[in-house]
Amino acid sequence: MIIVRYRNTFFAITGAIVFAALLSVAVFGLHLGTDFTGGALIQATYENGRPAPETLSQYLDTAGFSGYSLREANENDYILRAANLTSEQRGNLADTLSVGGESPAVINQLTEVGPVVGEELRNKAVIALALVLIAILFFIAFAFRKVSEPVSSWIYGLIALVTLGHDVLIPVGFYAVLGFFTGAQVDTLFITAVLTVLGYSVHDTIVVFDRVRENLRINQERGRREDFTEVAGRSLNQTLVRSVNTSLTTAMALTA
């Protein structure tokens, strides 16, 4: 029960990390990708080997591209994310990507998303997240309604939301730093990753809550009086190994 015994220390460490994450988002901000701001997604294949990123960037700058991100893909591909193209940029796109004909390129994909669509996606993402959080609150409060003593079932729901906020803010803060130094953008894949974190977080939280509920039930059946703090600490110890194994298994699957 070391976690509960030194909970103030853990609260301080966690609070410092969350504060650093919030500060990162406030200072660096999140670089929204074309999925949310509108723009163009272009994938080009180079027949004779792709040019150096610096060389291609020079041609893109000369052609008037700004705020773009360039990423290597496969062996001879580049993926370019840029703001909405002008008619001139669109007409000269093949020549620009071919660095003036020095590295012939074939455009495999050109997808343009208007700013209206991007704003609509952003609004829908915010609404969907809010609805999910409300649903989680009510579901947990309902599921644990029979163990409202000594803690109200609504408290379980609120704790789950705080846990979700903690588990999401930390990677978002890290991504803000990553975006500032490497140009990483928030796109639909990032939203998918955040939703994955949400899923694992709420699942682990419910597992701990369920163990607390079970231990409270056992104490009640045996007529044993135990402080709720001790019950919570014992429940954490009983589920800690499982939580760590789940995280490690997921990490190994992602890196494979």
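Sequential numbering from 1, following the chain as shown.
Glycine is treated like the rest: Cβ placed from N, Cα and C.
What TrEMBL says about a protein is an automatic prediction, not a curated fact.
Bear in mind that the values here come from a model prediction, so they are computed numbers and not experimental data.
The annotation transmembrane segment is assigned in TrEMBL to 9-32 (among others).
What TrEMBL records for 125-144 (among others) is transmembrane segment. Same-chain residues lying 6 or more positions outside the transmembrane segment (125-144) and placing a CB less than 8 Å from one of its CB atoms are 36, 153-154, 156-158, 160-161, 164, 191, 198, 202, 206, 209, 213.
Annotation source TrEMBL lists domain 'SSD' at 125-256. Across the domain 'SSD' (125-256), the prediction's mean pLDDT works out to 86.
Here the transmembrane segment (156-177) has Cβ contacts under 8 Å with residues 14, 17-18, 20-25, 27-30, 133, 136-141, 144, 184, 186, 190, 193-194, 197-198, 200-202, 205-206, 209 of the same chain, all six or more residues outside its ends. Per TrEMBL, transmembrane segment is recorded for 156-177 (among others).
Residues or ranges marked as transmembrane segment in TrEMBL: 189-209 (among others). Outside the transmembrane segment (189-209), and at least 6 residues removed from its termini, the chain residues within Cβ reach (under 8 Å) are 33, 125, 132, 136, 140, 143-144, 156, 159-160, 163-164, 167-168, 171-172, 175, 235-236, 239, 242-243, 246-247, 250.
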Can you work out which residues elsewhere in the same chain, 6+ from the ends of the transmembrane segment (9-32), have a Cβ less than 8 Å from its Cβ atoms?
3, 118, 122, 166, 169-170, 172-177, 179-180, 183-186
